[in-house]
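Annotated features in Swiss-Prot:
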| type | residues | note |
| --- | --- | --- |
| SIGNAL | 1-19 | signal peptide |
| DISULFID | Cys56-Cys69 | disulfide bond |
| DISULFID | Cys60-Cys75 | disulfide bond |
| DISULFID | Cys77-Cys86 | disulfide bond |
| DOMAIN | 89-128 | domain 'EGF-like 2' |
| DISULFID | Cys93-Cys104 | disulfide bond |
| DISULFID | Cys100-Cys113 | disulfide bond |
| DISULFID | Cys115-Cys127 | disulfide bond |
| DISULFID | Cys173-Cys186 | disulfide bond |
| DISULFID | Cys180-Cys195 | disulfide bond |
| DISULFID | Cys197-Cys212 | disulfide bond |
| DISULFID | Cys218-Cys231 | disulfide bond |
| DISULFID | Cys225-Cys240 | disulfide bond |
| DISULFID | Cys242-Cys253 | disulfide bond |
| COMPBIAS | 307-316 | compositional bias 'Low complexity' |
| COMPBIAS | 317-348 | compositional bias 'Pro residues' |
| COMPBIAS | 352-366 | compositional bias 'Low complexity' |
Amino acid sequence: MAVLLAAVLASSLYLQVAADFDGRWPRQIVSSIGLCRYGGRIDCCWGWARQSWGQCQPVCQPQCKHGECVGPNKCKCHPGFAGKTCNQDLNECGLKPRPCKHRCMNTFGSYKCYCLNGYMLLPDGSCSSALSCSMANCQYGCDVVKGQVRCQCPSPGLQLAPDGRTCVDIDECATGRVSCPRFRQCVNTFGSYICKCHTGFDLMYIGGKYQCHDIDECSLGQHQCSSYARCYNIHGSYKCQCRDGYEGDGLNCVYIPKVMIEPSGPIHMPERNGTISKGDGGHANRIPDAGSTRWPLKTPYIPPVITNRPTSKPTTRPTPNPTPQPTPPPPPPLPTEPRTTPLPPTPERPSTRPTTIAPATSTTTRVITVDNRIQTDPQKPRGDVFIPRQPTNDLFEIFEIERGVSADEEVKDDPGILIHSCNFDHGLCGWIREKDSDLHWETARDPAGGQYLTVSAAKAPGGKAARLVLRLGHLMHSGDLCLSFRHKVTGLHSGTLQVFVRKHGTHGAALWGRNGGHGWRQTQITLRGADVKSVIFKGEKRRGHTGEIGLDDVSLKRGRC
């Protein structure tokens, strides 16, 4: 009986515990999505949110960008996207097998198939031979629209030409379709356009964006002002102003000579200490004594005329004092009278001169008359002045210099002097086109203004060349030279531009060469040695080369670059 009562008590306790279960171990119901049983209670599972009674929706954090949430933090991406949150573009063109037969171009969230010329794109992405497209002979392929063949252009900046086959460029700058930001100008390109900073501005990243910033040409040394001028930076450019004492446009400043005009009339200078009088209002200046000697210094030879004007004879009285006392001389007829003081006689070197009339001594004062006029013919040319000996100073004729001055010294005295310059706007300036060359240098019009030289197109197969020669003549003894020129070698298979020098007989190896690039460039080459007879530009082209070789602004200066 006691055992039975214990069993009943234990079973009642078990039932009470089961009734108080809080649902900590939920069990998902198989027949429902996102529903779980928490003991005797049914609710949404973890990672699901209740939308309506009996329906639960999964929760994804972060949300799916290009897809839908199918489970807790589980996204199903739309076609063309990938990634955990479907935020990445899927490159279908890189999949295997490739989705396109000929050409594939990936786009955001999708892709496009293109066919080669002569083929037509089918709806399934494959390409099929289209006789109509081949007959259309489109420049960039074709498309069939409503049973009609239509040529296509690959860029929105291109449009079909009137012939319906080729594509021509749309000048967005001229039509006004686009507007560039401040301080930029629109530059049209084939199929598009660019906004380029104006001249004097540079594109810089400022304040989180790209802006055209003014270039300080003065501080960067990118100006053409003369060395005797000041450079002032202005917005988008600069200006030059000659310094005090110089005049010009700022690019070329010439020294203004200072002319000092003296009063008319000769200047009388006494041999010893005295005063110098200029005209009626002269200023008295004392001539200092020469050292400790009592005798006047020997006057050096000078070109002005020296006039000896004797004074009256002073009488000498027989007194114990050996020094005679001369009488003051009468005033000369000149408007200004120099004061002269006769020297007392000494035992070592008396200043009196005996005369044939009487044994009395007399003193003679020499008055120096200086002419302040400029002498037309110098007595002797200076040794550091270079004098052309020819009647005409032609550039390529004989140019002699003063004897005793070598070419090296001439370069040191005047380095960087321009001896030749040519921009080919008015001819070849002494350059010679070799007639035996296969090709020839021809002048071409520069869109920016002026002319430049270019190599003609090759018409025969094989290597062809055009040579342009400048003979230096006697300038080859000028020492080192600096050759400066602008050039361009642009386009597909443009050819080669080279520089040679001829010293003895034929020219040697090329000093410089270029076979490609983009746009105009500036180059300087130092021609070493004093035996360079000629400078040669050689442009090579082959048949079928569509590029261009250009040459402009050639100059030669003394000294190294």
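Backbone N, Cα and C define each Cβ position, glycine as well.
Fair warning: this is a prediction, and the values are worked out from it, not measured in the lab.
Set side by side, the disulfide-bonded residues Cys186, Cys197 differ in how many other CB atoms lie within 10 angstroms of their CB, and the most is found at Cys197. Per DSSP, the secondary structure of the domain 'EGF-like 2' (89-128) breaks down as 3 helix, 16 strand, 21 coil. Within 10 Å of the Cα of Cys77 (disulfide bond), not one of the disulfide-bonded residues from the list Cys127, Cys195, Cys240, Cys242 places its own Cα. Under 8 Å from some Cβ of the domain 'EGF-like 2' (89-128) lie the Cβ atoms of residues 66, 77-82, 134, 138, 141-144, all in the same chain and six or more residues away from its ends. Spatial neighbours are here defined as Cα atoms within 10 angstroms of one another, and by that definition the neighbours of Cys69 (disulfide bond) among the disulfide-bonded residues Cys60, Cys75, Cys253 are Cys60, Cys75. Closest by Cα distance to Cys100 (disulfide bond), from the disulfide-bonded residues Cys56, Cys186, Cys218, is Cys186. Within the set of disulfide-bonded residues (Cys104, Cys115, Cys253), the lowest number of other Cβ atoms found within 10 Å of a Cβ is recorded at Cys104. Between Cys173 (disulfide bond) and Cys75 (disulfide bond), the C-alpha separation comes to 47 Å. In this structure the alpha carbons, written CA, of Cys195 (disulfide bond) and Cys231 (disulfide bond) are 29 Å apart.
Note on the domain 'EGF-like 2' (89-128): its mean pLDDT in the predicted model is 80.
With a 10 A radius on its CB, Cys231 (disulfide bond) counts 19 other CB atoms from all the protein chains.
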